[in-house]
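Taken from TrEMBL, the feature active site, proton donor/acceptor applies to 149. What TrEMBL lists as Mg(2+) binding site is 8, 385. For 15, 209, 210, 211, 212, 213, 284, 285, 286, 332, 333, 334, 335, 336, the entry in TrEMBL reads ATP binding site. The annotation substrate binding site is assigned in TrEMBL to 92. Summarising the annotation, TrEMBL assigns site 'Transition state stabilizer' to 181, 242.
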Ligand code: AMP
């Protein structure tokens, strides 16, 4: 069994984990920040040891990958003796379009297909590709695997992925729902089946990935049948700074009133809306949570709107699947905010869901939070996208 390096590359950042797949344990993890910007640095954390911060100029991603490999093999804070110990690299790729319904070994043809998807995710895919190329340059003989955020959702039926717009926009431009957070939804739904001790084929699960970006996914028999994010990660739930669903005519109305162009309008919807926009307090739910505790009406308003939108999606997905066995909560907010979990679940008494307040008083631990006799189960499942990427990588490189 091998050691797998998992890479999640952004335009100015690079996150990594080195995972020993024999034990599925993380040997080291870290983050390169401000690549190509003044003040770049690498934060490297070997398992069970203190974080080392290395401040060095990183003009590009090649240098960042080089620093990661140096850190991993360093005599003092490294965790392997040489690069050859890395059996394969798994790369997170945001958009796989309709070309990828699963993870793949990266070849020249795959890179070409990824480039074609870049138009659909102009902020993310080019950065993912830069990371892949930088790794290929420094590790020319190491197999690389691409794991796509969209792939899990490729099982959605046509009625779920089509928008109510002229069909030719789908045939000509591939405008449709793709969905994101697929690696997380896949991991969490598999864990739900394991925790409940039932085959995933027999389960109807709704996964609520509630983080800064947030999405809900209906998983029927282990397959994604619908999800709240769409062509881009802007659709669906109210998020940290993203609006989620709105009446599209709002854009024209506000652009006219506020004298905005389309780029400024998109900026408002992506960066100034959501929890931040409604509350005016912060995009960080922790601040909204303490605002709610202090009785701040702006915080309460944002909290309740957020919860209500999650509830509406759960209700519609229970209908879409003609039943529901379990709701799972994951990501920063889903794993840490018991109040929001309980508030969401309180709407589903009519389905026979009851939360046990004691079981729900946990953070970040795999737990069934519903009562023993609850008909629909509720669970807290900490997500682990890196492990899922590493597992796919092993599977493909075997
Ligand atoms: P993520 O994007 O998964 O990192 O999640 C970010 C969101 O999770 C933010 O809204 C945070 O406020 C929330 N969050 C993260 N950690 C905690 C925590 N320890 N307690 C409460 N909320 C948290």
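In case you wondered, yes, glycine gets a Cβ from its N, Cα and C as well.
Sequence features, as recorded in TrEMBL, placed on the structure.
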{"residue": "8", "record": "Mg(2+) binding site", "Cβ contacts under 8 Å, 6 or more apart": "14, 15, 16, 91, 92, 131, 386"}
{"residue": "181", "record": "site 'Transition state stabilizer'", "Cβ contacts under 8 Å, 6 or more apart": "149, 209, 213, 215, 217, 227, 229"}
{"residue": "210", "record": "ATP binding site", "Cβ contacts under 8 Å, 6 or more apart": "237, 310, 329, 330, 331, 332, 333, 334, 337, 340"}
{"residue": "212", "record": "ATP binding site", "Cβ contacts under 8 Å, 6 or more apart": "239, 240, 241, 283, 332"}
{"residue": "242", "record": "site 'Transition state stabilizer'", "Cβ contacts under 8 Å, 6 or more apart": "213, 233, 234, 269, 270, 271, 273, 274"}
{"residue": "284", "record": "ATP binding site", "Cβ contacts under 8 Å, 6 or more apart": "240"}
{"residue": "286", "record": "ATP binding site", "Cβ contacts under 8 Å, 6 or more apart": "none"}
{"residue": "335", "record": "ATP binding site", "Cβ contacts under 8 Å, 6 or more apart": "329, 363, 364, 380, 382, 383"}
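For ligand 1, there are no nearby recorded positions; that is, of 181, 210, 335, none has a C-beta under 6 Å from one of its atoms. Remark: of the binding-site residues 15, 92, the most isolated position is 15 (fewest other Cβ atoms within 10 Å of its Cβ). Taking every protein chain shown into account, 149, 385 are the recorded positions, and of these the Cβ with the most other Cβ atoms within 10 Å belongs to 149. Max Cα-Cα distance over the annotated ATP binders (15, 209, 210, 211, 212, 213, 284, 285, 286, 332, 333, 334, 335, 336) is 24 Å. Under DSSP, residue 15 (ATP binding site) is assigned to a strand (E or B) in the three-state scheme. Residue 333 (ATP binding site) counts 25 other C-beta atoms within 10 Å of its own C-beta, drawing on all protein chains shown.
Residue 284 (ATP binding site) carries neither a helix nor a strand DSSP state and counts as coil.
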